[in-house]
Each structure stands twice: as C-alpha cells, then as structure tokens.
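Colleague: For reference, the structure I am asking about is given below.
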Amino acid sequence: MPELPEVETLKNSLESKLIGLVIKKVEFKRDNLRYKLSADLADQIVNTNIINVRRRAKYLIIDFNNNHSLIVHLGMSGRFTLQPNNYEVKKHDHVVFNLSNNEKLIFNDTRRFGMIYSFHTELLEKDFFANLALEPLSDSFELQYLKSKLMNKKVPIKNLLMDNRIVVGVGNIYASESLHLAKIHPDKFGKDLNDDEIKNLIAAVKNVLSKAIIAGGTTLKDFVNGDNKPGYFTQQLMVYARDGQECLSCSSSIIKTKHSGRSTFYCKSCQKA
C-alpha cells in the first residue's frame, strides 16, 4: 500500500501540472471501488478551477475554487496518472477526469481498494480527517508528543508507529525501516522506550521518510507517480522484504515476522530485544 512518501511523490508530480486547469468532464467506467462513488461527485467538481494539490496522511487532495476538494486514497494498487488526449482507456481504468488542456487524469486500480471522495474543503480537518494524528515530518512530531502517546501502551512499537491516531502516513515499509535505523526491536512495547530511544525513533522516521521522498517513493509492484514513473527507494531498503538476506549494517540474517497480520522485517543483532 502506498505510504506517505508515495503520496507525497504523487502530489509533487501533479501539483504544477494541475493547478489552474479545469475538469471538463468525469467518466465513471466503474463506480464500485472500495466504496461506491458518490453520484454527485462529478457535479461538485466539473467546470471548476483546480487551485491546490496537497497531501494529508496517505490521502491526495485536489482543491477547487468552489470550496470542494477531491480526496483520493490509492488503496493497495491504485494509480493516478496524467495521460494524453488520445490515450485508450484500459481494463482497470475506473475513473477518467478530462482536463481543460485536453489531457486525461486516470484513476487505475487493479484490486479496487482505492477510494475517491468529494468534500467541502473547509470541513476536511474537522470532519473527514478528524481522527488523524499529526504529520511525522512536522516540527510537532517531537519527544514530548510521542512520549505522551506511548505512555502506558503495552503494544509493540511497530503497531504503534502504524497507528494513525499517533502519527500518520507510516505504513509497513517505513515502520520496519525506521525501527531498524533507530536500532529498536519491533516487539518492544511503547511504554518501555526511554527518552533517548524515542528521540532516535523520531529522527529515524523523519530521515527515512525524507530520503524516500527524494527517491520518488518505493515501488515494489504497482506504485508510479503522476508521470507513470516508479520510485527508487527500493534500492535503499535495509530490511523490508529482505528476509533471509544479510543485514547491510552487520551481516546478520534479516528476520521476517508478523504484527497484526502485517509482515515485519528486522535484524536481531542491530535491534536487540
């Protein structure tokens, strides 16, 4: 599933190309993605100017000048790409946004776990994103904040890192990578981390996410940016999907385990229990 760096990469690839354009027509090739698309979605955004493209957590947001926003979640396999006017719609292209410059913005989703909504812009944070915590790359993600969230939590730190009520945008890939960089065992309970470990973890999360954004995200299978280009952070992964291989830091073997049904990768030498 695309995480914060992938959605930020998508935002960066679309921002300068979409702002100022108008959506002239919306074509629904299929309206039952993860949830059924709203019948009035097209009416809320057609013939209005795009004024901003941004990200919140793992959501891409396109703001229009009529106080409506398009909210897109890529799910497991979603792609949101710009295509020329003569582009021929393919099997898993479910929504086509026809733009005023004669290009098409295509939402493609093989597994159909993606989501597209339209919502009042001014109500997004209050209502739609009401249960989301702060952004990990913000200055507010610091020692006292995370310490307060981990206090009394008898839950593995890997699970807590992926909890959107604590911090947003950190999924399976970047939780494993951040814990490895911080040298923290994924099974360690949140309540048992000391101040130095929490500070190291915050620094590791920021470091890993920032490097992944610079590399254009991680493409394991499906992810591409708005220009249909893959991400290259895959080449910098230290532990994720490297089970049985040598740790790039100490040469011990990378171990694969499970947390809440999700794969976790770590080095038992670098990340002692």
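Glycine is treated like the rest: Cβ placed from N, Cα and C.
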Colleague: Pick from 63-97, 238-272: which stretch is listed in Swiss-Prot under zinc finger?
Modeller: 238-272
Colleague: In whole Å, note down how far the CA of PRO2 (active site, schiff-base intermediate with DNA) lies from the CA of ARG111 (DNA binding site).
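Modeller: Distance (Cα to Cα, whole Å): 13 Å.
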Colleague: So if I exclude everything within five residues of the ends of the zinc finger (238-272), which remaining residues of that chain have a CB under 8 angstroms from its CBs? That is, six or more out.
Modeller: 156, 158-159, 162, 172-173, 175-177, 179-181, 183-186, 218, 220
Colleague: Given the active-site residues PRO2, GLU3, LYS58, ARG262, which one's Cα is the least distant from that of LYS153 (DNA binding site)?
Modeller: ARG262
Colleague: Would you report the average pLDDT that the model assigns to the zinc finger (238-272)?
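Modeller: Averaged over the zinc finger (238-272), the predicted model reaches a pLDDT of 95.
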